[in-house]
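Report on one structure; see the data block that follows.
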Amino acid sequence: MSRRKSPDSPLFQLEPVLPDFSFEITAKRDGFWPVAGADEAGRGPLAGPVVAAAVILDPDAVPGGLNDSKLLTAEQREALFTEIMATATVSIASSSAAHIDATDILKASLDAMRRAIDGLSIAARFALIDGRDVPQGLPCHAKAIVKGDSRSVSIAAASIVAKVTRDRMMARADATFPAYGFALHAGYATVRHRSAIDSHGPCSLHRMSFRPFREAQEQPLAVSTGPIDPN
């Protein structure tokens, strides 16, 4: 009788599945080209904008190692960001904390993705959108793909561009609002960030429609010395 293979056997050591060009190829076969991938970064933080990117990759110059930005190190993201910006058509848009508060985080995210796709210097004929929802008012056909940043290389590239751009914006915001440590946590609800909010109250970058701010609307805002350049 043969013995069952152990899960530690090399036969069970499968390579991780990386995003590929399948969705883009299907769209091209259906007569839609070029194809853009779109994704956002920063839906969950308590502070800062949500940033969206749209990317049209050159099929002959797709950077190696593209993946969901959350699965990459900061160093890997920075290196891929540089390569994407050098070889692809890229557009970036953002929705501020005030925009998020005036609408909601989903609407603000979808609006940023729409503006990013609209802003491409080469018009996309099809857009692959990360998530369950397609932004309204797009200038092209589109398809929403759940976990698209781990399935489509174009969406993966957009996720990297959005993440690196937002992290850089929050690092610059740290100079204007040094008490909050934005360069360390990018506005996410870390212990340090929550402690700073408890000590100093919210600032103008905080999303007042998010908890815990709904119960602290009366606290004074920190004063910005000027606008924060998103680039």
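Keep in mind that glycine also has a Cβ here, set from the backbone N, Cα and C atoms.
The divalent metal cation binding site feature in Swiss-Prot is assigned to ASP39, GLU40, ASP130. Positions annotated as domain 'RNase H type-2' by Swiss-Prot: 33-222.
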Give the sequence-ordered set of same-chain residues, not counting ASP39, GLU40, ASP130, with Cβ within 8 Å of the centre of the Cβ atoms defining the divalent metal cation site.
ALA38, ALA41, ALA52, ALA53, SER109, MET113, ILE129, GLY131, GLY148, ASP149, ILE155, ALA158, SER159, ALA162
Just to be sure I understand the packing, how many Cβ atoms besides its own are within 10 Å of the Cβ of ASP130 (divalent metal cation binding site)?
28
Here are the binding-site residues: ASP39, GLU40. Which has the lowest count of other Cβ atoms within 10 Å?
GLU40
